[in-house]
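One structure is given here, and the rest of the page talks about it.
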Amino acid sequence: MKPPTVPAPDRDLVVNETFGPTFQGEGPSTGRYAHFIRLFGCHLSCTWCDTPHTHDPTRYDLTAEQRILSIDDILSWLAAAPVDLLVITGGEPMLQPRVLERLLLAIRDRSLATDIEIEIETSGTIPPTDLLTAAATRFNVSPKLAHSGLRRHQRIRPAVLRHLAGTGKAVWKFVVQEIDDLDEVQELTEAYDLHPVWIMPEGTDSSTVLTRMRLLAEPVLSRRWHLSPRLHTLLWENDRGR
Ligand SMILES: Nc1nc2[nH]cc(C(=O)O)c2c(=O)[nH]1
Ligand code: SF4
Ligand SMILES: [Mg+2]
């Protein structure tokens with residue numbers, strides 16, 4: 001008989017997938033050897049979402065997409081193949097704050113991983129707790145632009161952006177489709193004092209990512225921002241678990 005799939009609060013994470021080693025494909029650590037935990041669930045619904053299997057019941061069997069993993073399960077997985085970068089993504093990781101705090105503290109407590117860097121990918125719509133902020137190395141925050149199809153009040157939460165900026169651990173990674181989107185990025189970065197800025201092309205196939213990167217390169221350079229590829233997409237297209 002299948003065991004019940006009800007997570008124990010504070011001890012179990014609802015995970016979509018764990019994978020690695022692979023390369024961090026996005027943002028300031030692009031190219032680094034890393035392990036990934038993709039948490040289940042997201043409260044948003046971006047039109048171009050690259051991970052709808054974490055939360056979209058109209059396209060996926062969400063029961064089949066979730067795994068309950070204990071903190072001990074994850075520590076054993078990390079101990080079996082140590083890495084110096086762990087990326088926690090989603091979905092939206094901030095939807096599981098308490099257990100995530102405990103996971104990060106447990107990782108920090110183990111001598112096996114004292115100097116592991118932990119990056120958390122987030123949409124910047126839910127503030128991290130103080131403990132999470134203390135234990136994380138970096139927040140890769142992706143505030144969503146108008147082309148996400150979300151209403152502005154859903155995607156831009158001024159207090160959360162200010163809070164994240166104040167942690168000193170946030171880098172701002174904007175998913176961009178066209179050159180004109182950069183004006184919207186500029187408006188947000190100026191309004192909320194967001195830096196450093198990384199521009200990343202939207203796309204789930206290598207040809208779209210490369211075409212958009214080429215289009216964006218000069219305008220991004222002229223604004224003195226950084227440009228991120230989606231390295232995993234350039235290498236492996238839209239394969240799951242890469
Ligand atoms: N290799 C790789 N790097 C990533 N960086 C952020 C990812 C994400 O899905 O959030 C991701 C991903 O799915 N794969
Ligand atoms: S915030 Fe991320 S996971 Fe959630 S719908 Fe948007 S792109 Fe998908
Ligand atoms: Mg993503």
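Each residue, glycine too, has its Cβ placed from N, Cα and C.
Per TrEMBL, the features are as follows:
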BINDING   F23, Q24, G25, R38, T89  substrate binding site
BINDING   C42, C46, C49  [4Fe-4S] cluster binding site
BINDING   W48, C49, D50, G91, S142, P143, K144  S-adenosyl-L-methionine binding site
BINDING   T51  Mg(2+) binding site
DOMAIN    29-238  domain 'Radical SAM core'
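Features per TrEMBL, on structure.
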residue: F23; record: substrate binding site; Cβ within 10 Å: 18
residue: Q24; record: substrate binding site; Cβ within 10 Å: 26
residue: G25; record: substrate binding site; Cβ within 10 Å: 24
residue: R38; record: substrate binding site; Cβ within 10 Å: 22
residue: C42; record: [4Fe-4S] cluster binding site; Cβ within 10 Å: 22
residue: C46; record: [4Fe-4S] cluster binding site; Cβ within 10 Å: 21
residue: W48; record: S-adenosyl-L-methionine binding site; Cβ within 10 Å: 14
residue: D50; record: S-adenosyl-L-methionine binding site; Cβ within 10 Å: 14
residue: T89; record: substrate binding site; Cβ within 10 Å: 21
residue: S142; record: S-adenosyl-L-methionine binding site; Cβ within 10 Å: 23
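Ligand 3 lies within reach of D50 from the binding-site residues G25, C46, C49, D50, judged by a C-beta closer than 6 angstroms to any of its atoms. Using Cα positions, the member of the binding-site residues Q24, R38, S142, K144 nearest to C46 ([4Fe-4S] cluster binding site) is identified as K144. Ranked by Cα separation from K144 (S-adenosyl-L-methionine binding site), the binding-site residues F23, R38, C49, T51 are led by C49. Taking a Cβ cut-off of under 6 Å from any atom of ligand 1, none of the binding-site residues C42, C46, G91, S142, P143, K144 qualifies. Taken in sequence order, the binding-site residues C42, C46, W48, C49, T51 that lie near ligand 2, meaning a CB under 6 Å from one of its atoms, are C42, C46, C49, T51. Straight-line distance linking the Cα atoms of W48 (S-adenosyl-L-methionine binding site) and T89 (substrate binding site), rounded to a whole number, equals 17 Å.
In sequence order, L44, S45, D50, T51, P52, T54, H55, D56, S148 are the same-chain residues whose CB sits within 8 A of the CB centroid of C42, C46, C49, the residues recorded for [4Fe-4S] cluster being left out. Taking the domain 'Radical SAM core' (29-238) as a whole, pLDDT averages 97 in the prediction.
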